[in-house]
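*Asks:* This is the structure, below, for whatever I ask next.
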Amino acid sequence: MENKWFLLMVRDDFKGGKITLEKALKLLEKLDIQCNTIHVKYIFKDNDRLKQGRITIEEFRTIYRIITYREEIIEIFNTYSENRKILLEKNLVEFLMREQYTLDFNKSIASEIIQKYEPIEEVKQAHQMSFEGFRRYMDSSECLLFDNKYDHVYQDMTHPLTDYFISSSHNTYLISDQLWGPSDLWGYISALVKGCRCLEIDCWDGSQNEPVVYHGYTFTSKLLFKTVIQAINKYAFLASEYPVVLSLENHCSPSQQEVMADSLLATFGDALLSYTLDNFSDRLPSPEALKFKILVRNKKIGTLHETLERKGSDMHGKVEEFEEEEEIEQEEDGSGAKEPEPVGDFQDDLAKEEQLKGVVGIPLFRKKKIKISMALSDLVIYTKVEKFKSFHHSNLYQQFNESNSIGESQARKLTKLAAREFILHTRRFITRVYPKALRADSSNFNPQEFWNVGCQMVALNFQTPGVPMDLQNGKFLDNGCSGYVLKPRFLRDKKTKFNPYKVQTDSNPLTLTIRLISGIQLPPSYQNKADTLVIVEIFGVPNDQMKQQSRVIKKNAFNPRWNETFTFVIQVPELALIRFVAENQGLIAGNEFLGQYTLPVLCMNRGYRRVPLFSKMGESLEPASLFIYVWYIR
């Protein structure tokens, strides 16, 4: 039956005799077979018996079977097929319930799968499934590792902004390093397309009274401020309808600040939030209440109440000067000094912060006078920037609409020395963590350590590939790639006792088992002979950080088989991400990266699943993937 169907599908293409590699690739595409051209080229060459660059229908059939008839899928099919030829509808039902954990199952689901994936008409009409249909189903998006119930906004979006992790970018205008690289609108466009909701704009005085955007005191190129916000306006809500925060690093004179304010109003119009929302005069609104809104994050003069009293007044020419305490940068001294160890809760906040001051993370300050245009100041509503002094100071004096920016070095020390206080701080105030100045190469830190204490805006250099950006992309797959992910309850509760450095005695751990079965058309290395291995790694609270590695399969990137099982006990699965990495073993130069995939642990499907692989730059490598079996209990 399948032979008859196959010949019917391809015979017209062989009417003129043999076909070339190019025609073979087009025929595979016609048959809905995703394949890597380099892999097909090697398989074509191996099966071209006469070595003429042209193959017969039988040779093409062999190539087709090599690509599609994977042994591991045949084994699963034969387990549930009564005659090893056909799956009855009841057999498919049994497979879905027993192996794929389809709990909210009804019989129509099996019928829909048959109708959607079975290519042989007479089999479909009989409500049955051939191996061809089963293989297509197993290769479909329905069998991906990421559970599609999380690929839309499903979380409660009516909490205050402080209750969400917010996808955030650092120096968004840069697409290379921090000193010499170009500034480009593509930095903003690509970040927004990825769902980023907090963009950074460094603003400086430009010629002809036009503010410019660039990394000050460096050789990076310049963009006009108005051009930047026009690009943002065009792409702001393509990937997500939830609010975009423009974090202004403002170095402009008052006159050019006024130009910025006029540009913001003219470009964004009603989308620019320049007033408090009804019912939110003394508390932060929610992402839901701020849909399709642009928020300005900047320094601000006075209170929200004073701003509202001035509403409708012409503030052009009005300038206020105030004295700000400027932080004295305290980067690591390179002496190899040991990082502070995590400690327990201190009883006396004041005593602790006195102990830390100027040594391990509480900043030192010097006075600095700053002039602020009132026209720009009044556009700052719910995201006023306030210098962080200490948790004790914030607890006493910081207002609900004031947010902090903390450098990674200081934030890391605070995380280790005062984790619980940090969590209580981020429960009330939006906190942005940014890379230290020494990262001139635009490298990134591990964002997980700051998500662990509830920091909402963990700003990364989006242009730089690597593990940190893999974690960022994986984290924000959740909740429909909206750029907003609701924090776990223990990071939102004012009575929380959670500390990422302490395993709670009443925790509810998750036991996760991953059976790594095989690889599917992994990105080919030299002559398609990669020595392939897979690393499975958990990122989360320190006690959950762990990784396991498969054995090496020699000279096979096309269909390596591992059949290895890994088990992880995850204490805080609500914060955990899992990362799959395929590599080509290199004994001299180190392993070669082939592809990776990262996602939240709690967004995984159970059962037989396909793990799609992505390049270092985050591009899909389809059909390259891993085939695994997932099981977990809690």
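Placed from the backbone N, Cα and C atoms, the Cβ positions cover glycine too.
Okay, these came from TrEMBL:
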- 321-334: compositional bias 'Acidic residues' (COMPBIAS)
- 35-70: domain 'EF-hand' (DOMAIN)
- 376-492: domain 'PI-PLC Y-box' (DOMAIN)
- 492-615: domain 'C2' (DOMAIN)
- 312-345: region 'Disordered' (REGION)
*Asks:* Using DSSP, how many residues of the domain 'EF-hand' (35-70) fall into helix, strand and coil, respectively?
*Replies:* 23 helix, 1 strand, 12 coil
*Asks:* Cβ under 8 Å, sequence separation of at least 6 from the ends of the domain 'EF-hand' (35-70): give me the contacting residues as numbers and ranges.
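*Replies:* Same-chain residues near the domain 'EF-hand' (35-70) but 6 or more away: 6-7, 10-11, 14, 17-21, 24-25, 27-28, 131, 135, 518, 520-521, 523-524, 527-528, 557-559, 623-624, 627.
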*Asks:* Based on DSSP, tally up the residues of the domain 'PI-PLC Y-box' (376-492) by helix, strand and coil.
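*Replies:* Split into helix, strand and coil, the domain 'PI-PLC Y-box' (376-492) gives 48 helix, 19 strand, 50 coil.
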